[in-house]
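Engineer: Let me begin by handing over the structure; questions about it come next.
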Amino acid sequence: MGELRGTHVPVLLERCLELLAPALTRGDRQTVHVDATLGLGGHAEAVLAANPGTVLIGLDRDTEALAHARARLAPYADRVHLVHAVYDELPEVLDRLGHPLIDGILFDLGVSSLQLDAPDRGFAYAQDAPLDMRMDQTRGVTAEEIVNSYSAGELARVLRVYGEEKFAGRIAGAIVRERERGRLTSSARLAELVRESIPAPARRTGGHPAKRTFQALRIEVNRELAALEAALPAALDALAPGGRMVVLSYQSLEDRLTKQALAARARSTGPLDLPVELPGTGPTLRLLSRGAELASEAEISANPRAASVRLRAAERIEEGSPGRRDAGPGGSSKATRGGTDRERFRRTTVLHQPSTQDATVRPGRRGDTPGTDEGEGT
Ligand SMILES: C[S@@+](CC[C@H](N)C(=O)[O-])C[C@H]1O[C@@H](n2cnc3c(N)ncnc32)[C@H](O)[C@@H]1O
């Protein structure tokens with residue numbers, strides 16, 4: 001294990017601890033918390049310190065991150081299981097460890113500073129490196145293989161969908177022309193090609209011109225959205241009643257998937273005109289955040305990575321818990337027929353009602369804003 005490059009300051013740390021605390025403190029019972037994106041173990045260490053009765057299962061697909069986290073969490077070794085896995089393998093991991101039900105789970109998505117700052121991993125457009133971008137360097141295709149083998153159409157789709165890049169077609173064309181002259185292998189050359197493909201006026205806005213292309217390739221290399229789409233429902237299935245999930249997203253595609261996964265279980269799927277819930281149709285989640293929560297200006301100035309974070313959180317409830325049908329803000333006590341989708345959502349989405357012991361619901365600040373603005377690679 002090499003020297004740690006840079007530092008990774010855990011984002012929204014106090015808020016994550018506050019949200020997870022009620023789930024991880026259950027009297028005498030030992031609780032189980034999963035850190036699905038262990039990274040350098042910043043959030044995990046704080047969870048272990050704050051919750052002496054909690055066992056931590058930490059997952060990361062990056063073996064280097066796991067090695068650093070293992071050293072950092074050594075004081076808690078008797079309460080820690082670290083696993084090299086992609087988070088969509090969570091059900092098998094829990095099975096293997098004999099913990100089918102968990103009390104807390106945190107997803108802190110994206111890359112860590114360890115990966116971004118690595119001179120040899122190719123995540124950053126600001127430094128020259130081989131085009132790798134794999135979070136798990138033991139398997140999978142590299143960004144180099146993708147830029148040298150995908151058709152112009154496939155490349156443009158990746159850049160448009162995962163990077164929301166307006167000039168996806170032009171950039172894809174430039175990549176294809178470049179590789180006709182010779183294999184494209186370096187992140188600096190790719191960043192230069194992107195810059196040259198973008199019209200001069202557009203280069204002056206929206207940060208570094210290569211930011212969106214690098215994000216898109218990284219998502220494609222690591223199949224990030226497919227993994228997240230599979231992992232969220234599996235994680236929600238594994239939550240014990242009263243268990244809580246917190247997700248920190250750094251770009252709009254991840255946040256949208258999270259929002260959809262949580263909203264789908266926080267509302268009734270039963271007929272609107274019935275006054276009672278049919279078995280199996282009631283909400284199984286209570287939302288703990290209204291919209292997405294963002295970091296404070298103070299946190300952003302201390303930690304620029306926090307600038308693009310969006311936090312969403314929810315608590316698993318027993319189907320049939322009080323308030324299951326009409327507890328949304330502005331919701332009436334009885335379901336009424338018809339109404340717009342928005343009204344239906346408001347009537348049937350369960351939002352956590354804060355109590356004095358557990359004042360965890362906060363309105364989102366500047367939340368729900370679209371845009372992919374992961375502050376990486378600079
Ligand atoms: C933002 S960092 C987490 C930082 C951590 N919360 C801390 O405080 O140090 C994200 C980590 O998640 C890992 N990761 C990303 N996608 C993953 C996936 N699908 N499965 C497992 N780990 C993943 C990355 O390798 C990286 O180490």
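Numbering starts at 1 and runs along the chain as displayed.
Each residue, glycine too, has its Cβ placed from N, Cα and C.
Unlike curated records, TrEMBL annotations are generated automatically.
Note that this is a predicted model, so its numbers are computed, not measured.
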Engineer: Name the residue, out of Asp60, Asp237, Asp255, that TrEMBL lists for the same S-adenosyl-L-methionine site as Gly41, Gly42, His43, Tyr87, Asp108, Gln115, please.
Structural biologist: Asp60
Engineer: So what sits near Gly42 (S-adenosyl-L-methionine binding site) in its own chain, CB-to-CB under 8 Å and at least six residues off in sequence?
Structural biologist: His8, Val9, Pro10, Leu13
Engineer: If you pair up every Cα among Gly41, Gly42, His43, Asp60, Tyr87, Asp108, Gln115, the residues annotated as binding S-adenosyl-L-methionine, what's the maximum separation in angstrom, rounded to an integer?
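Structural biologist: Looking at Gly41, Gly42, His43, Asp60, Tyr87, Asp108, Gln115 as a set, their Cα atoms extend up to 18 Å apart.
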